[in-house]
Amino acid sequence: MSGLITTKNAPIIFVLLWSTGFTGIRYGIPYAPPFTFIAIRMAIATLLLALIALIITRAIAMQWHVIGKSALIGLAIHGAYLGGCFYGVKQGMPAGITALICSLQPVLVSVNSSYFFGEKLSPRKWAGLSLGLAGLILVIAPQLLKTNADSLPRNGVIAVFIALLGGTVGSILQKKYGSGIEVLSGTAWQYGATFLLMLALALIFERGESVEWNVSFVTSLLWLIFALSVGAILILYYLLARSSAAAVSSLYYLVPAVTAVEAYFLFGETISLITAIGAMITIVGVALVLRERKSATSTS
């Protein structure tokens, strides 16, 4: 990965890829139940990562402590996060709003990282995180206050907040336990555990529902596997291994703005003036956090 991916371009590539996850879900979810969709994705991704691990490292870590830690991380960062996002969008949550809610993750990760890892948050970094949160609230609040036909689905909102919690816990667990695990083997075990969870949920809640195997669904599935489950996730772990959890999570603030543009062109989801202003505020907040990280790196 070091040849094509560097610490300079990795954040940009990650944001671009991660933002397509929300539009990818929106594109394919009309044709499959959410848990079944994720189970299919995770089954293929597990086999793919295991194959890549065998080719590159010629082995897959089989120690129980590796499997256990990887499974725990996977159930949070993939199981709860993806399950919440897919179910929420299936219930009618717009891709842009889903991305916005999930982008509250940096605040939760930053606060918990300062407690669990002793990562010091300077006033400048707190200012950046606060600006990012303010920008997101500026966009989300009007949407949550809508009523009647324009209101957000209650079950969808709950599901997306579960995704937010899962992503937060998963990032903290990955930072705490993932650094000592070979990334390809560890990710394969994460996907395997998530597959088993989603298979169980599909068998319990989605019996009798079928998948419509058309071009749109297959395109969405393949993109989510190769661009997200392989590309974006490996870049995320690459970044977590080289930066603080708070700094990496601040990148999520940029995702809603990119997702909003994608959703506008793909699905006609409008971008209001408030959305544009909120996006600009979040970008300024991220710039403060990343600039703080760069300054700290250059002085060390």
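Yeah, the Cβs are placed from backbone N, Cα and C, and that goes for glycine too.
Look at TrEMBL and you will find 12-29, 35-59, 71-89, 95-117, 126-145, 157-174, 186-205, 217-239, 251-267, 273-290 tagged as transmembrane segment. Per TrEMBL, domain 'EamA' is recorded for 12-140, 156-290.
Remark: the transmembrane segment (186-205) makes no contact with the transmembrane segment (12-29), by the rule of 3 or more CB pairs under 8 A.
Where the transmembrane segment (95-117) meets the stretches 35-59, 71-89, 126-145, 157-174, 217-239, the count of C-beta pairs under 8 angstroms peaks at 157-174. When each of 12-29, 35-59, 126-145, 157-174, 217-239 is checked for Cβ pairs under 8 Å to the transmembrane segment (71-89), 157-174 comes out on top.
In terms of C-beta pairs under 8 Å, the stretch of 12-29, 126-145, 217-239 lying closest in packing to the transmembrane segment (35-59) is 217-239. Listed by sequence, the residues of this chain that lie at least six past the ends of the transmembrane segment (217-239) yet keep a Cβ under 8 A from its Cβ atoms are 1, 5, 7, 10-11, 13-14, 17-18, 20-21, 24-25, 27-29, 31-32, 37, 40-42, 44-45, 48-49, 52, 174, 178, 183, 187, 191, 211, 248, 251.
Same-chain residues lying 6 or more positions outside the transmembrane segment (126-145) and placing a CB less than 8 Å from one of its CB atoms are 97, 100-101, 103-104, 106-107, 110, 152, 157, 246, 250, 253, 256, 274-275, 277-289, 292.
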